[in-house]
Every structure is written in structure tokens, then in C-alpha cells.
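Structure first, then comments.
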Amino acid sequence: MTYLQESSRPAVTVPKLQAMRDAGEKIAMLTCYDASFSALLDRSGVDVLLIGDSLGNVLQGHTTTLPVSLDDIAYHTACVARAQPRALIMADLPFGTYGTPAEAFASSVKLMRAGAQMVKLEGGEWLAETIRFLVERAVPVCAHVGLTPQSVHAFGGFKVQGKTEAGAAQLLRDARAVEAAGAQVVLLEAVPTLIGSEVTHMLRVPTIGIGAGADCSGQVLVLHDMLGVFPGKRPRFVKDFMQGEPNIQAAVEAYVRAVKDGSFPGPEHSF
């Protein structure tokens, strides 16, 4: 059995994401951890596959993403890459692997050698030097601001960010700083819709939202969440796309359509 894709679909590249943003075409992104789903998601039209440290939750059973190692992410990145998807492959830098610019570069090199085409790291203003260091060394970067799950203990839980005047001002500073440092994509998690919209219109680079409103340049969900595979209470920003669909591919295609036509997220999935 082979998972190699034979597709005439043009490859999604970092410049392509910018072109999509500039043309007003929404970007559909999902997490992915293995070759089988890499092939299926690519067939279904997903633009970006994220090997997220969310694997610590949905695959390893941890309550936070903190235990996930760089080796874990590299292993799953290699699995996803073996299917040779046309979608862009983005990989998370786990907690504790980018404390200095040099450490971030070494970690990024390992993930890019495994097949990643872009790395994602969590943080705002304080990461500007690191982002600049990576971009100068040909490492494409997605900066993750707002609710950053690796900071769960500092936040005191998984809480919406930017609800206060001071918090909103900090989010705007973070977004400006990471773009100025060279981040090619900014991911916004769990922020009020108005803030997501303001950041999206303020920046030139694409924004990807998860609980950040419909105005973002694109959307991302954890694969297991959008397929209805989650224990306990469903996060507000999640929609179960398996409902009413005959199979997983149909559910993923429904997600892609909903992102592309702007019907997801709705107000019920936003803050």
C-alpha cells in the first residue's frame, strides 16, 4: 500500500499563502499527524497541514501540550511528509525548544529535515529576535499569539485573551512585532472577534484564526475536534463536521467549503 499522492493540484507554498490572502481566498488548515490522514486531507483540499503539539492531547492523552518533545513532532512530521501532500506542511516547535534564537534554529532544522516547510512558535513581542533569526536563515515562521497553550500555567488555564483594554493593546503590539520581525503567517487563538478582525486588517501577512472570528485570512481546527472525537466539553470554537456526513473525507470537504465560503466560523464559534 502506498500513500503517495498523484495530484495535479498546485503545491501550496509560503508565497502562495500570501497570494491567497491578497486575493481574498480563505486558507483552510487542519492538524495532521500521520500519512493516511495526510493523503486524505490533501485530497479534500486542505491548504495547510499542521503537525501540532496538540498531539500531546489527542494522541498521547496528556492534559496539556507541555510533555510533547521535539522528537515527537519530528516523527509525526516525517509521517505526514511521506504522503507527499500538495498542502503546505507546518510543524510546531514544542515547549522548551526555542528558548534562544540558536536553540530555535537547531530545533527548526530538525523539523525541516523531517519534512516541515514552516515552523510555528508561540509568543509575541519577546520572540521578535528569535523570529528574525530564523527568517534570516531561511526558516519560514508562523507566529502564534493570543491564547498560547504552552503558557497554560502562566495564564491560569485556557482563557480567552485580549478581553481587557490592556490585553487587547498587548495583542496588537504582539501582532505588529512578529510581523515586523518577519513572520509570514500569524495565528490568532481565542481572542474576541473584533480583535481578530482588527489584527487581520492591520497586518499585511495572512492571519489564521481558531476562535478568532470569521474575518481572519483562514481557519484552523484540531482534526479530532472537527471530527467529533473529543472527550468532555467541546470548545466553543469547534464545530463537529461529521454530523450529517457519510464519511471522514466528506466531513473534511465540508470543513474546507465552510472555511472558503466564510460560513465557518459563525458567531456561535466566536468570542
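Cβ coordinates come from backbone N, Cα and C, glycine included.
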- Item | Residue in Asp47, Asp53, Asp71 which Swiss-Prot records at the Mg(2+) site where Asp92, Glu122 also bind | Asp53
- Item | Glu189 (active site, proton acceptor) to Glu122 (Mg(2+) binding site) - Cα separation in whole Å | 10
- Item | CB contacts for Asp53 (Mg(2+) binding site) [other CB atoms within 10 A, all chains] | 30
- Message: For each of Asp92, Glu122, Glu189, count the other CB atoms within 10 A of its CB; which of these recorded positions has the top count?
- Response: Asp92
